[in-house]
Every structure is written in structure tokens, then in C-alpha cells.
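A.B. asks: Got a structure here, written out as C-alpha cells. Questions coming.
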Amino acid sequence: MNGTEGPNFYVPMSNATGVVRSPFEYPQYYLAEPWAFSILAAYMFFLIITGFPINFLTLYVTIEHKKLRTPLNYILLNLAVADLFMVFGGFTTTMYTSMHGYFVFGETGCNLEGYFATLGGEISLWSLVVLAIERWVVVCKPISNFRFGENHAIMGLTLTWVMANACAMPPLFGWSRYIPEGLQCSCGIDYYTLKPEVNNESFVIYMFLVHFTIPLTIISFCYGRLVCAVKEAAAQQQESETTQRAEREVTRMVVIMVISFLVCWIPYASVAWYIFTHQGSTFGPIFMTVPSFFAKSSSIYNPMIYICMNKQFRNCMITTLFCGKNPFEGEEEGSTTKTEASAVSSVSPA
């Protein structure tokens, strides 16, 4: 084995020289220079000071403006809640441990940090699944006269939390485990060992199949059908120009969210799967650290996309920030008229 396995950790470095120590007890400066840990801490600080205000603002603006409380926006707000879980439950912990060079909070802290990070990522993924299904149903209309309402949104929210916890909670109760990864300052699922005592192999396969492959398959199917439907509608002019434009804008926003999610998480998932399927292979701590910390950036892109591409929300956010006034109102009125994204979910067949 090219790493060192302990009772509750796996350090990607051979202990032939005897320098490897538990990441719960000693600084891991033999894995990288201290400045590398400082960079990680600074990066996490950046994610905290950007991720918290932008996600909190998304929630606050929606609560402040009643017209934003639409079924589709429930799902988008769910993404903001998931991101806040990651910020408070994961990023603050990782920043502090990176400053010390090892996971100072012990096994319990590792479990909590791993749980919140996994929960946030899975809520985001399953929220995108619900959004993809909503887009497919609204645009492709497999069910005539269907309108995505509040009850459907609540069912979608329930699905995201049930499925996310079905992935994040088992390691807390003995099916797999959370251990420090990369530079040993953040925690995640144990992809590094088979660990038969906790049936680790079966959990990793379950997670990749049920909580990664299946969601991506559903998303791919929905958007494959959606692209065809949009082209057909444009060719046949079955909908009014305003309706088609609104549907295209919401669809474009959700597609960009999906692409951004894949850009952030595919590298991490690919590296994790490689490590799992190549047990004992040689890899350095940076090999897992970079994609792991890059995936954490997903906490800031969803609200950014939402703010940039949803004119109605953007206007409400500006009026909130400027105490009820919109200094850019003249520019907004002079721009091309766009139908608000949040209203599209209630578009009925023509």
C-alpha cells in the first residue's frame, strides 16, 4: 500500500520513514509546506465572505417580496439553503483546521463537517433534478394542462432532503465513514479503503449509482427531450412569442446551473472513483485536495446565476439594497422586455 491507513484515517503517504501521524492529533506539514495550508484557509475564507451574504440575500429578498414566492422559486431557494449549510457546517470548520494544519476537531467534528458537505452537495444535485423535471413537464407537456404548483414544489423539496440524507447520513451510523481527505483538513466519504468492518465498498457503489449516476441520467433525459420540444415549438409556432421567450430564459438559467454543477463536481467525483477503483495506487495529497476544494465553490455560483439571469429577482434585490428604490430603473425599462422567470412555471398549454 502506498498510503498509511489508521483506525480512523488514511494518509496518502507511505510511513516507511515513520513521519506519518494521525491527522486528528498532529499537523500534516510533511504532506505540503505550511503556506499551502494557509492558501486553503484563505480560499475557504473567501468562500465564506462571498457565499454567506449572497445566499442569505437570496433568502431575504424572497421573503421580503411576496411576488417572488412562487413554486419554482421554492426549489431555487432550496439551493440557497443547501449552500448555507455548506458555509456554516463545512467551510468554517475547514478554514479553521487549515489554519492549524490538521483536523483539530477530532472524529466528531470530521463526521459533522463531512455530513454537511455531503448534504449540501446532494441537496443541490437533487434540486437540479427537480428543476429538470419541472422544465420537462412545463415545456414538453407530457401531461396536458399540467401546472407546477405549490404542492408539487413541496413534494420536490421533500424529495431533495430525503435523498440527500439517504446519502449523507449512513456514514454516521456505521455504513461507510467520514475521514480526512487530501491534506487532511476537510472530511469526506472514505473512497480510499474497502474497510469491510463498515461495508465501505457497498456504500461507495450505492452512492455513485443512486446519488450520482441516476440523478445525472434523469437530468440528461429531461434536457434531451426539452431541446427537441423547444425546436419543435419554434418551428411550429405553437406558443406565443412571449411564452416561448420566457420558457427559453428559464430553461437557459437552469441549464447553466446544471453545467456549473458538473464543472464543479465532476472532477471530484472522477478522482474519487479513480481512487476507489485503484486501491493502493500511488497519488499525492494534492490529487484529491484540488478537486475537493474546487467543488466547494458551488456554494456561490447558483445564486450568482439566479441573480444575473432572473430580471424580476434582480429588480427586487436592487430595491431591497437601495431601501425601496431602483436607481437603474430607467436602464431596465429601456432594455428588451423579458417575462419574469418565476412566472413560467404556471404557463399552461396554448
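Using N, Cα and C of the backbone, Cβ positions are placed for all residues, glycine too.
Quick paste of what Swiss-Prot says about this protein:
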| type | residues | note |
| --- | --- | --- |
| DISULFID | Cys110-Cys187 | disulfide bond |
| MOD_RES | Lys296 | N6-(retinylidene)lysine |
| REGION | 330-350 | region 'Disordered' |
| TOPO_DOM | 1-36 | topological domain 'Extracellular' |
| TOPO_DOM | 62-73 | topological domain 'Cytoplasmic' |
| TOPO_DOM | 99-113 | topological domain 'Extracellular' |
| TOPO_DOM | 134-152 | topological domain 'Cytoplasmic' |
| TOPO_DOM | 177-202 | topological domain 'Extracellular' |
| TOPO_DOM | 231-252 | topological domain 'Cytoplasmic' |
| TOPO_DOM | 277-284 | topological domain 'Extracellular' |
| TOPO_DOM | 310-350 | topological domain 'Cytoplasmic' |
| TRANSMEM | 37-61 | transmembrane segment |
| TRANSMEM | 74-98 | transmembrane segment |
| TRANSMEM | 114-133 | transmembrane segment |
| TRANSMEM | 153-176 | transmembrane segment |
| TRANSMEM | 203-230 | transmembrane segment |
| TRANSMEM | 253-276 | transmembrane segment |
| TRANSMEM | 285-309 | transmembrane segment |
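Locate each feature and note its surroundings.
C.D. replies: Contacts of Cys110 (disulfide bond) defined by a Cβ separation under 8 A and a same-chain sequence distance of 6+ are given as Phe24, Phe103, Tyr178, Ile179, Pro180, Cys187, in order along the sequence.
In three-state terms derived from DSSP, Lys296 (N6-(retinylidene)lysine) belongs to neither a helical nor a strand segment and is classed as coil. Long-range Cβ proximity for Lys296 (N6-(retinylidene)lysine), meaning a same-chain Cβ under 8 A and a gap of 6 or more residues, is found for Met44, Leu47, Met86, Gly90, Phe91, Thr94, Ala117.
Long-range neighbours of the topological domain 'Extracellular' (1-36) within the same chain, counting only residues 6 or more positions beyond its ends whose Cβ lies under 8 Å from a Cβ of the stretch, are 100-104, 106-107, 110, 177, 179-180, 183-185, 190, 192-193, 280-288.
Outside the topological domain 'Extracellular' (99-113), and at least 6 residues removed from its termini, the chain residues within Cβ reach (under 8 Å) are 8, 23-29, 34, 37-38, 41, 89-90, 93, 171-172, 178-180, 184-187.
Taken as a whole, the topological domain 'Cytoplasmic' (134-152) shows an average pLDDT of 81 in this prediction.
Nonlocal intrachain contacts for the topological domain 'Extracellular' (177-202), taken as residues 6+ away from its ends with a CB within less than 8 angstroms of a stretch CB, comprise 3, 5, 8-12, 23-24, 28, 31-32, 36-37, 40, 90, 93-94, 97-98, 101-103, 110-111, 113-115, 117-118, 171, 272-273, 275-276, 279, 285-290, 292-293.
Here the transmembrane segment (37-61) has Cβ contacts under 8 Å with residues 28-29, 68, 76-77, 80-81, 83-84, 86-88, 91-92, 94-96, 98-99, 101, 183, 185, 289, 293, 296-297, 299-300, 303-304, 306-307, 313, 316-317, 320 of the same chain, all six or more residues outside its ends.
Sequence-distant neighbours of the transmembrane segment (74-98) (same chain, 6+ residues past either end, Cβ-Cβ under 8 Å): 37-38, 40-41, 44-45, 47-48, 51-52, 55-56, 58-59, 62, 104-105, 109, 112-113, 115-117, 119-121, 123-124, 127, 130-131, 134, 150, 153-154, 156-157, 160, 164, 183, 185-186, 257, 296, 298-300, 302-303, 306.
Tertiary proximity for the transmembrane segment (114-133) is limited to same-chain residues at least six positions away from its ends with a CB under 8 Å from its CB atoms, namely 72, 75-76, 78-79, 81-83, 85-86, 88-90, 156-157, 159-161, 163-165, 167-169, 171-172, 178-179, 186-189, 211-212, 215, 218-219, 222-223, 254, 257-258, 261, 265, 295-296, 298-299, 302.
For the transmembrane segment (153-176), the list of distant contacts is 71-72, 74-75, 78, 82, 111, 114-115, 118-119, 122-123, 126-127, 129-130, 133-134, 189-190, 195, 198-200, 202-204, 207, 210-211: same-chain residues at least six beyond its ends, Cβ to Cβ under 8 Å.
Only residues 6 or more beyond the boundaries of the transmembrane segment (203-230), in the same chain, are considered here, and those with a CB under 8 A from a CB of the stretch are 122, 125-126, 128-129, 132-133, 135-136, 139-141, 163, 166-167, 170-171, 175-176, 189-191, 244, 247-248, 251, 255, 258, 262, 269, 273, 276.
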A.B. asks: Work out, from DSSP, the number of helix, strand and coil residues along the topological domain 'Extracellular' (99-113).
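C.D. replies: Going through the topological domain 'Extracellular' (99-113) residue by residue, I get 10 helix, 0 strand, 5 coil.
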A.B. asks: Per DSSP, what is the helix/strand/coil residue tally across the topological domain 'Extracellular' (177-202)?
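C.D. replies: Per-class counts: 6 helix, 8 strand, 12 coil.
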A.B. asks: On the DSSP side of things, how many residues of the topological domain 'Extracellular' (277-284) fall into helix, strand and coil, could you say?
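C.D. replies: Grouping H, G, I as helix and E, B as strand yields 1 helix, 0 strand, 7 coil.
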A.B. asks: 10 Å Cβ neighbour count around Cys187 (disulfide bond)?
C.D. replies: 33
